[in-house]
């Protein structure tokens, strides 16, 4: 997920100036914090004061918080939110794949939507993915491709160091453009949906907090370096996707790498979404949701849904921004802080309570601002 947003970070600096550098660091700290408190909600102390994992998923946490209202209300809300965000992410990868193929082979008489269909065909084997082991291998390849892209862009930027100037940074900001920058920067770190499953699959879950600290630290360093070098290179000419600024021979190479990354990234949100649906079907209807026929039906339906929306939904980018402002902010800031306050209130210090409340308010404001900007964009289009 982070690779697609990283390419927009130099453009975010264009509209946020020096404050953008601070935002990259702040977003890393906040997302790392909400990841930790979310995982803390999976545990309760036993009679001996030892922490025991009593919940397994985001859904379990939500159900525990809303059990007085309804045993399954919280889980239902979380599941719908997760599935919407994951499906929109899958669709985004298809749209991006079609766009990248179209730009990489401009002389081939094929439309962008047709390229999306061609990309979709390569993703059909996702129907047969059953475990996270395969996903982890694909993610490793995805990370490798991601570093190749970053290396190529940064290396080119370093060759242009002679024309760098700090004067390119803005001091005055336009509020609406600044909000766009905030969204790009914050959502380049989001991963909360996957954290309960990730922590539960670790050989030593006790190392989770340390892992989260180091991954966000290095992500912050990498993103700051990437965004800064790219912006100093192109300044006011920085485009929304930084690869469009590269010379043609490098742009084609990087676009093909991005295409590979997008296709390798697709299986993770796809697998997570189908797993949620499987669980709901199993709980509601007492079916064996691992039956091969049902598995193929659900996965095939999800694949087809992502293709149809990628090809036939007009102004998908604006709709993605609208849904992302709601689901992304909710899953990253609003719900983790709210659940942590609900489940751990009596054990939290005053400082921890203030931190959770502050994160909740910040997430609400980011969500509200994103919704307003997205609706405004949709109204202008229509």
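Quick reminder: no glycine exception, Cβ is built from N, Cα and C everywhere.
Under the heading domain 'Amino acid transporter transmembrane', TrEMBL lists 2-375. Sequence annotations record features per position, and here TrEMBL assigns transmembrane segment to 20-43, 77-95, 115-132, 144-166, 178-198, 210-233, 253-281, 293-312, 318-339, 359-379.
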Beyond the flanks of the transmembrane segment (77-95) by 6 or more, those residues with Cβ under 8 Å of it:
1, 4, 58-59, 61-62, 116, 119-120, 123, 193, 262-263, 265-266, 269-270, 272-273, 276-277, 279-280, 302, 305-307, 309-310, 313, 316-317, 319-320, 323-324, 326-328, 330-331, 335
Under 8 Å, at least 3 Cβ pairs, sequence separation 6 or more: does that hold for the transmembrane segment (253-281) versus the transmembrane segment (210-233)?
no
Is the transmembrane segment (359-379) close to the transmembrane segment (210-233), in the sense of at least 3 CB pairs under 8 angstroms with a sequence gap of 6 or more?
no
